[in-house]
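These notes are about the structure you will find just below.
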Amino acid sequence: MKETPLSNCERRFLLRAIEEKKRLDGRQTYDYRNIKISFGTDYGCCIVELGKTRVLGQVSCELVSPKLNRATEGILFFNLELSQMAAPAFEPGRQSDLLVKLNRLLERCLRNSKCIDTESLCVVAGEKVWQIRVDLHLLNHDGNIIDAASIAAIVALCHFRRPDVSVQGDEVTLYTPEERDPVPLSIHHMPICVSFAFFQQGTYLLVDPNEREERVMDGLLVIAMNKHREICAIQSSGGIMLLKDQVLRCSKIAGVKVLEITELIQKALENDQKVRKEGGKFGFAESIASQRITAFKMEKAPIDTSDVEEKAEEIIAEAEPPSEVVSNPVLWTPGTAQIGEGVENSWGDLEESEKEEEDEDGTDEAIILDTIKMDIGVEVSNIGSQDAPIVLSDSEEEEMIILEPDKNPKKIRTQTISAKQEKAPSKKPVKKRKKKRAAN
């Protein structure tokens, strides 16, 4: 995955801020970011934080055969890894140009400067020597990897202890830490890298550039120096031309910064050694602030539980006694009862919305019945008293539809009369009247 490029607006903003001698994090031109050093439980394990850039250093050792051309010297091996955990732009399983350049610069700074006495790592000349391996893992990338890596490497080497050995004839005996105290490495000096970023073809200079400043810089100058102001390595990249005065000014600034960092490293090593001798707590877990959510421990608060029973009895005595309430059962229907305070059962009651729906359904049914009566021509006749059933009779077919059946249907006689039979008796008396008039 390629890194996200900076937009033109961001680039112009950063360059203009640098021209005005301002930085995004509020630092001055020659200011370093805060450095924090924490040690692990084992010797030779540390984490160095340079601002938000974090590097984990781990040193290990083993007995191996020496090189043929250097039979009495031990072996130093440095390995820096850039994982995707630090930045998504780093590809796993592939050595980028940046990684190769950083590894070479670390070897020049630490191994070629003879900061460690490699002859003291020889056990048997030509047969057994100590191989010291320094593994550096970049945990978070926020610029200036080489400075953080060089600090982590030298701190881990100073903190490391190798097992003690003894040689009797051809036998080499390796002792555990319980049998004999481990032996520290013989370190002559502590070389530390200081990076300088140049902008506008060397016009502007910044110390300890962060990740965004590295994207817009034109060139980088790295000076490895110890507290004695001895230059151990120097490297320029970016293709810019630097004047002699610029290099001298950078070397003076590097001497001041290296002296401050060296004092910080020595103080951190002394504090860790003091805590280990006193038997106190140490390790990465102890370096995390307890106020944060990620804390592994909480401060214990003493609690006195000797007079708990007495306090409980006092609280019970002072409290008001509960009111005596006798619940009377309420008989709603035979076979059921309600004890205590409650609400009347409303299971069979309809809600207002349901009642409105039923009323609408009833009106719709009544309208439908009226339309059926008008279309078919149904006559509704009430015969007898009000208790008599209502009979709906059709003119063509003789059917009986009883809407309100009575309890005693035997006493009521129903008759259905067709339309022809109803017309016949109405005509007969008319004819009789005509005959009588004619006779008169």
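Quick reminder: no glycine exception, Cβ is built from N, Cα and C everywhere.
Among the features that TrEMBL reports, domain 'Exoribonuclease phosphorolytic' is placed at 32-163 (among others). Each residue in the domain 'Exoribonuclease phosphorolytic' (32-163) gets a DSSP state, and the totals come to 34 helix, 50 strand, 48 coil.
Over the domain 'Exoribonuclease phosphorolytic' (189-254) the predicted model carries a mean pLDDT of 90. Annotated domain 'Exoribonuclease phosphorolytic' per TrEMBL: 189-254 (among others), in sequence order.
Residues annotated as region 'Disordered' in TrEMBL: 340-364 (among others).
The compositional bias 'Acidic residues' feature in TrEMBL is assigned to 349-364.
TrEMBL lists 404-440 (among others) with the feature region 'Disordered'.
The annotation compositional bias 'Basic residues' is assigned in TrEMBL to 426-440.
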Item to complete: Pull the DSSP breakdown for the domain 'Exoribonuclease phosphorolytic' (189-254) and write it out as helix, strand, coil residue counts.
Response: 17 helix, 26 strand, 23 coil
